[in-house]
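One structure below.
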Amino acid sequence: MSAYGLQRLYIGGDYVDATSGVTFDTFDPATGELLATVQQASEADIERAVQSAREGQRAWAAMTAMQRSRILRRAVDLLRERNDELAELEMRDTGKPIAETRAVDIVTGADVIEYYAGLATAIEGQQIPLRAESFVYTRREPLGVTAGIGAWNYPIQIACWKSAPALAAGNAMIFKPSEVTPLSASKLAEIYLEAGVPAGVFNVVQGDGRVGAMLSAHPGIAKISFTGGVETGKKVMSMAGGSSLKEVTMELGGKSPLVVFEDADLDRAADIAVTANFFSAGQVCTNGTRVFVHQSVQPAFEARVIERVKRIRVGKPSDPSTNFGPLASAAQLDKVLGFIESGKREGARLVAGGARIVEGDYARGQYVQPTVFSDCRDDMKIVREEIFGPVMSILSFVDEDDVIERANDTIYGLAAGVVTENLARAHRAIHRLEAGICWINTWGESPAEMPVGGYKQSGVGRENGITTLEHYTRIKSVQVELGKYQPVF
């Protein structure tokens, strides 16, 4: 008997059975136990979701912006009231420590909805004078039906991040969570409905990449917001363009550089590096996995990193003292272990971790040791490719120009950071680093006000911040002539 039973689709304000006849199972990453059996959506189910979203969106867009704002604020209140309940569900689904899901996942999702609830009434056009008796005005209008495709590392947070600007602008959204962590998105749908969002405005369809492809190719969907891997993102963009030239926003992978200069506070630098690699067991898109350390301070920096890695508390996710849990799936565990073996084969020096954790009950879960390699080379697989697990690669440098060039030598451009006491150098380096999200003397915070997205193959467009509303509206220009019309013929 599974803990959460049979999971159905959420369409039109209620749970409905999928018509595909296909199901898949989802498991607790910490124990291997069956969590739920999930129904997979069919093409007919997607059609039903689109039609439901169209109907709901008309009612939602007909409300005033202030009405939509109040409803979204009520959803925020409900999320915060149910934080602990949702955090436990997220813990079981992702394997994250309960201390983390209580403090981060729902909290940051609610913050973003609150932020866009406040901006709903600020969506406005312009008035452009042409001459004494003629002017143009513009309107920002909703796109209609949009779709969000989530990743497995932050299920409910991503659902909030994608739906908040969409709904604030008057759109509907059909959301597909990852099949690896499918449980919490439907709870958000329940909360939206309870808060007063019309039925159909936020639908949840379950399934694997085939369902994502149906959404991407559907001509009735005006926009796709996708979070995931680069190769899948390229497929989504191709299908979106090929079907209806729909707009896409994508937050994709990263192999982000963290540069520690010789004047850095090494205790601070080590704290930042360990957080930037081992928070959420390393399953964060923006992780600073390429740690470039000035040659003169590398030994002292390594010693501090090792000291902090020893303090990491691996344990059961339900234990409030645990701050490092399992990876989200068996497939991800195998992938990470493969990268670790690659690092060993290619000659990187292993200074911490390097193996699966198999003692006692840990053998039932997807646990891997926090792993640190040093003396890495730029051509190593662990340095070039996104691992998405708890593996830090330390590389040395001696010259600022050289390290910037090496840091930028990647297909990715999601995040970057520097640690230095010299603020002039900090800004100079950051301005040269090719990344969409940058940190100076810190790492990882992504407040609602901060646009998030990447350069190069790390993404298209932005999430969060005021600019994101532009991705969920379209501009209509209207000319008004007050004077006599001058005929051409």
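Glycine is no exception: its Cβ is also placed from the backbone N, Cα and C atoms.
According to DSSP, G150 (NAD(+) binding site) sits in a coil region rather than a helix or strand. If you look up Swiss-Prot, you'll see G150, A151, W152, K176, P177, S178, E179, G229, V230, E231, T232, G253, C285, E386 marked as NAD(+) binding site, on the strength of sequence analysis.
Swiss-Prot lists K162 (among others) with the feature active site, charge relay system, giving sequence analysis as the kind of evidence. Less than 8 angstroms from the CB of K162 (active site, charge relay system) sit G148, G150, M173, F175, S225, T227, E463, each of them six or more residues away in the same chain.
Look at E247 (site 'Seems to be a necessary countercharge to the potassium cations'): DSSP puts it in a strand. Its Cβ taken as reference, E247 (site 'Seems to be a necessary countercharge to the potassium cations') is surrounded by 18 other Cβ atoms within 10 Å in the chains shown. Annotated site 'Seems to be a necessary countercharge to the potassium cations' per Swiss-Prot: E247, in sequence order, evidence recorded as sequence analysis.
Cβ environment of E251 (active site, proton acceptor): F226, T227, C285, L414, V452, G453, G454, S458, G459, E463 lie under 8 Å away, each six or more residues apart in the same chain. Annotated active site, proton acceptor per Swiss-Prot: E251, in sequence order, evidence recorded as sequence analysis.
Residues or ranges marked as cysteine sulfenic acid (-SOH) by Swiss-Prot on the basis of sequence analysis: C285.
When secondary structure is read from DSSP and collapsed to three states, C285 (NAD(+) binding site) falls in the coil class. Annotation comment: Swiss-Prot describes C285 as active site, nucleophile, evidence class sequence analysis.
Summarising the environment of E463 (active site, charge relay system), the number of other Cβ atoms within 10 Å of its Cβ, over all protein chains shown, is 25. The active site, charge relay system feature in Swiss-Prot is assigned to E463 (among others).
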| W152 (NAD(+) binding site), number of other Cβ atoms within 10 Å | 21
| request: Write out the long-range same-chain contacts of V230 (NAD(+) binding site), meaning residues 6 or more apart in sequence whose Cβ is under 8 Å from its Cβ. | output: L252, G253, I411, Y412, Q457, S458
| Considering the binding-site residues T232, C285, which residue's Cβ sits among the greatest number of other Cβ atoms within 10 Å? | C285
| task | Please find, for G150, A151, W152, K176, P177, S178, E179, G229, V230, E231, T232, G253, C285, E386 as listed binding NAD(+), the greatest distance between any two Cα atoms, in Å. | result | 23
